[in-house]
Amino acid sequence: MSTVLAEKITRRYGERTVLHELDLAIERGEFVALLGKSGCGKTTLLRALAGLDPVDGGSLSVPQRRTVVFQEHRLLPWWKVWRNVAIGLPRATARAKAQSALEEVGLANHADAWPVTLSGGEAQRVALARALVREPELLLLDEPFAALDALTRIKMHGLVRDLTSRHRPAVLLVTHDVDESILLADRVLTMRDGRIAAVHEVSATARERGSASFAALRGTLLGELGVSEA
Amino acid sequence: MSTTAIAGPAATAETGPTPSKKRALPYRTISWTVPVLLLLGWELLARAGVIAPNVLPAPSSVGTTAWHLTETGELPRHLWESLKRAAVGLFIGAGVGLVLGILTGFSKLFEAIIDRNIQIVRAIPFLAILPLVMVWFGVGESGRYFLVALGTLFPIYLNTVLGIRQVDPKLLEMGRVAGLSKLDIVRVVILPGALPSILLGLRLALTNAWLALVIAETVGAPAGIGFMATNAREFLQTDVIVLVIVLYALIGLTTDLIARGLERRLLAWHPNYAPSGGRK
């Protein structure tokens, strides 16, 4: 059975229907990227899966153990890094678990630092460690790299691909970045008018930047998003 | 060619700030030297008879008076009485202000019931109700506690409400995603987030507490340093009056230092309060 199963889910804000009888299934270990213009409902979908917003209709089944990495790191500034990672964990094993999660993101020696002393990329890696330490069955990524500089973003892509292939949660990545979606995802969805408009499986060759199939998929996706490159 | 022209001045500008750092050294010394010099001048003028002792006694004579009154046990007794009043009044006022502030901060219903009333009462300068306090409580201790409590309640209340309101909703959402209970969210996210504001309220409350105490003690108190000053006025003991004023100043400074120490300890995470800012 799928880890995430949404059937005909609907979400309205007043007159406006943001999610319109949307269907979605994500399997364990599958990395799905969701592209769409601003206001197409992709963040609403992610928030519904996270349990942050309710749905008005349809049926939605998500695992109990799920977590979100947001665009901002959202670390508590009054807690040292390791406590932020261990937030909500049982006290006895908290420190050890936080430490090993921090090791995985390469920040083991920052465990006792204050969040304000971290760079943007480091803070986002801590947020990633905080998500992983919960051993989620569903990992929701809400444009987690959007605020990072280009070089840090490339490093983060590698890290995320590494970690998700090791822990194998179901992943939903919401992003504006077409290249990023191709590089990371097994499946890229585009969304329009509250529905999934198109589904593209990403082949191994398409993931190689500069390959012909990468360029082809990129062109198709941009076209679906209503952008034409000269 | 143009590159060298640009690189020249830029390079000098970068080395600029280093020497000026050395010149910044004696500011601290100067800032302490000036008041010491003023004090010395005051002493000299008083000794030379330029300032009459019943107008402004010499610092040394104020010091002698302080020593005598300490030896007889009079000064410690009055000081203890005043400190007790401030502490009890502050404890009651801050406690009530904090509880009401938390309730208003969390509950729309409670806010609707209480907030407007507090805002109305707050518009009255709290010292203006002194005559009423005397009618209510007579000249007993409870009236003085009441006045101090009233002066400390509002700053704590207002800053607690403000602090709770200003907590980043994104952090609250993160708490929910991390699976924290409602109580844990309050304990872990909201109260620490409101703490800088609450501590600011405490500092303002301390100022008000001493102000309330000065007034409360000069009106019909049987003991306390305010009483000492009023009593000294009857006998034209200017040295005692000056001593009391100096004591008020010292107490104010000490409590402010304590409050700041508390901030530094509790807000070590905050970039504005951290002992050493920047990256480790």
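The backbone N, Cα and C atoms fix where each Cβ goes, glycine too.
Positions annotated as compositional bias 'Low complexity' by TrEMBL: B:1-19.
Under the heading domain 'ABC transmembrane type-1', TrEMBL lists B:79-259.
The feature region 'Disordered' is assigned by TrEMBL to B:1-22.
When Cβ-Cβ distances below 8 Å are used as the criterion, the transmembrane segment (B:86-107) is approached by residues 114-115, 118, 144-161, 163-165, 186, 190, 194, 198, 201-202, 205-206, 209-210, 212-213 of the same chain, each at least six residues removed from its ends. The annotation transmembrane segment is assigned in TrEMBL to B:86-107 (among others).
If you look up TrEMBL, you'll see B:119-139 (among others) marked as transmembrane segment.
A Cβ distance under 8 Å defines the sequence-distant neighbours of the transmembrane segment (B:145-164), meaning residues of its chain 6+ beyond its ends; these are 85-86, 88-90, 92-94, 96-98, 100-102, 104-106, 115, 118, 122, 126-127, 129-130, 133, 136-137, 190, 193-198, 200-202, 204-206, 208-209, 211-213, 215-216. According to TrEMBL, the feature transmembrane segment maps to B:145-164 (among others).
For the transmembrane segment (B:185-204), the list of distant contacts is 94, 97-98, 101, 105-106, 155-160, 162-164, 166-168, 171-172, 174-176, 256, 259-260, 262-263, 266-267, 270, 272-273: same-chain residues at least six beyond its ends, Cβ to Cβ under 8 Å. Residues or ranges marked as transmembrane segment by TrEMBL: B:185-204 (among others).
According to TrEMBL, the feature transmembrane segment maps to B:210-228 (among others).
Annotation source TrEMBL lists transmembrane segment at B:240-259 (among others).
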